[in-house]
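A short write-up of the structure that comes next.
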Amino acid sequence: MWWDTAVRPHSMPPVRRIARGVTNQEESTVAQGVLEIDRISKRYGEVVALRDMTFEVRAGELFGFVGSNGAGKTTAMRIALGVLAADSGEVRWNGAPITFETRRRIGYMPEERGLYPKMKVLEQLVYLAELHGLTTNDAHRSAENWIARLGVRDRRNDEVQKLSLGNQQRVQLAAALVHEPDVLVLDEPFSGLDPVAVDVMSQVLREKASAGVPVVFSSHQLDLVERLCDRIGIVRSGAMVACGTVDELRAGGETRLVVDAPGAANGWAADVPGVRVVETRGTRTTLELTADADDQAVLHAALATGPVREFSRQRPSLTELFRNVVTEEETA
Amino acid sequence: MRRLSPSRAVLLVARREFLGKVRTRSFLIGTVVIVAVLAGYVLLQAVLFDQSNRSTVGLSGQSTVLAEPLRETARQFGREVATTDVTDPAAAEEQVRKGDLDVLITGAPDALRVVVKENLNSALQNALDTIVRQQVLNAQLAEADLDPNVVAAKMAAAKVTVVALEPEDSQQGQRLAIGLVIAALLYYSLLVYGTMVAQGVVEEKSSRVVEILLATLRPWQLLLGKVMGLGAVGLLQLVLIGGIGLVLSSTTGVIDLTGVASGALATGVLWYLLGFFLYATIFAAAASLVSRQEELQSVVTPISTVIIIAFVVGINLLIQDPSGTTVTVLSMLPPFAPILMPGRMAIGVAPLWQVLLAVVLAIGAVAAITWLGGRIYSNAVLRTGSRVKLRDALR
């Protein structure tokens with residue numbers, strides 16, 4: 001599959017290979033509806049913000065962008081939007097380098113929220129829609145539509161600064177959507193939202209993706225990203241260190257087993273090759289198996305100690321995967 | 001794909017800035033207050049002018065025939081007189097005591113009795129003395145069988161010839177006043193609306209809305225739209241205040257050089273446009289260097305100072321001598337020209353070549369500043385956080 005890519009920066013030591021595949025620029029040069037970030041680098045003086053950052057977001061796809069603070073997510077998004085210039089590399093839309101005119105078709109939600117505090121909600125959205133090329137009538141229609149959709153209709157004639165932060169966030173999302181963009185780039189859209197607003201936001205993003213719009217957003221809420229996104233990219237120190245579906249990110253890593261064998265003595269599994277005991281809690285033992293270890297040998301060893309009440313494969317959550325990737329990098 | 005032409009982009013920005021400001025209460029109140037102050041001043045001038053130059057004189061009995069000669073003679077001495085016929089001298093004396101009448105005159109034309117409250121205005125005194133003497137003279141001439149009218153005509157023809165080496169323009173005072181008012185209006189407009197541009201730039205930066213805007217607008221489109229929109233607000237206010245001031249002062253008779261004043265307002269508008277583009281771009285560029293309103297003062301003060309100096313120093317020089325070397329040179333230099341040149345033009349001391357030179361220099365400065373300021377703005381407006389160094393912004 002074209003998106004099965006593990007992008008590894010040349011300058012960094014080899015990391016765990018999460019997914020296999022070809023590098024994207026070989027196959028997808030004339031992709032339709034694809035936003036490609038191709039080997040973007042950016043330095044702020046001595047600080048390297050991005051090094052050869054590469055990923056792509058395809059039509060109809062929700063792409064989650066995760067990474068520690070300062071990893072380079074915001075810089076990458078700002079470069080994609082053209083509010084920041086890259087030192088090298090290219091951003092492409094539908095296979096062609098992105099231009100100022102095509103950038104107008106992106107819906108953008110900056111990390112630091114940006115609206116005129118003293119402008120009324122509706123006026124503000126109409127203005128932004130017009131600035132993106134809508135006629136006045138279309139701008140009004142679209143603004144009213146999104147205001148209603150995002151549940152801020154009764155605040156449409158209030159100044160933005162008088163709204164609660166959560167409602168300001170909804171207006172901010174409406175500002176990104178009001179010109180019916182072809183691409184959505186959202187920096188931390190879920191931060192500061194209440195659960196209801198999170199649901200509304202998730203639904204809207206899902207809907208946009210289903211309508212064929214590539215959606216990329218960054219977030220620290222990894223459970224949400226895991227639940228919502230088709231693909232996920234993990235960023236560290238300005239480079240993409242892992243990229244793929246959650247299953248792909250899980251594949252190739254150590255397998256964890258939880259075994260509940262009440263009759264077993266300590267160290268019962270120590271002799272099975274490729275097995276490491278992670279934790280023993282009461283009668284339950286958590287084991288970590290290398291890729292070539294045989295889980296059936298573990299089961300046999302467990303049964304040899306007496307009854308086995310539980311034998312389960314533990315699927316690491318995105319949070320655990322993320323932690324693994326990031327800490328591995330740090331210790332490497 | 002929907003396209004947005006650069007001109008529509010600029011107009012959209014300008015429209016937002018214009019409507020956003022014009023619809024605020026502060027604009028309305030500000031304009032009304034300035035107009036009210038101006039109107040109050042003009043009316044006060046009119047009333048003072050009227051009171052200090054006009055006397056109400058009551059004439060009783062035989063003296064009523066003096067009404068016409070009194071008005072005319074008093075006018076020659078520089079005093080307006082309104083006359084009323086009085087039937088009850090006692091009641092009239094009471095009116096003088098209360099101040100309703102300035103003067104009460106009774107008695108025969110050659111032996112007038114004049115009643116005043118405190119003292120008699122010297123111009124009126126002279127006028128009355130002249131009239132009384134004229135009455136005596138006429139009687140004597142009649143006795144000597146001479147026609148008083150022929151003598152009066154001969155006397156009127158006898159005049160001294162005055163040769164003024166440096167003749168004073170009788171309109172000089174009014175022209176100076178008009179010049180100072182127009183300089184003050186420009187000073188106010190440039191300072192207030194220039195600062196407003198700076199505040200707008202920082203508002204967009206501090207609220208980060210600039211990041212969204214610049215994803216769809218070029219920096220120059222945002223800058224030009226902002227300058228045009230706020231410039232139009234300032235222009236509207238200038239024309240409103242100037243126009244109302246003009247109508248008021250000419251209808252109340254405070255100025256009678258309506259043509260000069262209208263011309264001054266028209267040139268004032270042209271100089272406002274030049275001056276605003278010059279200063280607003282500098283204000284915007286300076287403001288783009290900082291990210292918070294609290295930091296704005298530090299970058300804006302040097303620019304405001306130039307405008308304030310142009311006004312304060314310029315006004316003093318204009319009052320002393322509007323053709324002095326210093327003020328002549330200053331009025332042609334771009335930073336000062338928008339305030340001083342319209343002032344000097346209204347006073348009528350700016351030769352055409354000086355005006356044209358000032359305009360050419362100002363247009364040149366606007367072009368240079370627009371280029372430079374636009375560059376600084378484009379480079380700095382997306383850099384948030386600490387203050388951007390001018391050197392970095394120019395790179």
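Glycine is no exception: its Cβ is also placed from the backbone N, Cα and C atoms.
So that you can see what the record holds, here are the features copied from TrEMBL:
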DOMAIN    B:25-372  domain 'ABC-2 type transporter transmembrane'
TRANSMEM  B:26-49  transmembrane segment
TRANSMEM  B:176-202  transmembrane segment
TRANSMEM  B:223-249  transmembrane segment
TRANSMEM  B:269-290  transmembrane segment
TRANSMEM  B:299-319  transmembrane segment
TRANSMEM  B:352-373  transmembrane segment
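The highest tally of CB pairs under 8 A with the transmembrane segment (B:269-290), across B:26-49, B:176-202, B:299-319, B:352-373, is held by B:176-202. Outside the transmembrane segment (B:352-373) by six or more residues, the chain places 223, 274-275, 277-278, 281-282, 284-285, 328, 331-335, 337-338, 341, 344-345, 394 with a CB less than 8 A from a CB of the stretch. Cβ atoms under 8 Å from those of the transmembrane segment (B:299-319) belong to residues 176, 179-180, 183-184, 187, 190-191, 194-195, 198, 279, 282-283, 286-287, 289-290, 326-327, 330-331, 335-336, 339-340, 343-344, 347, 387 of the same chain, restricted to positions at least 6 beyond its ends.
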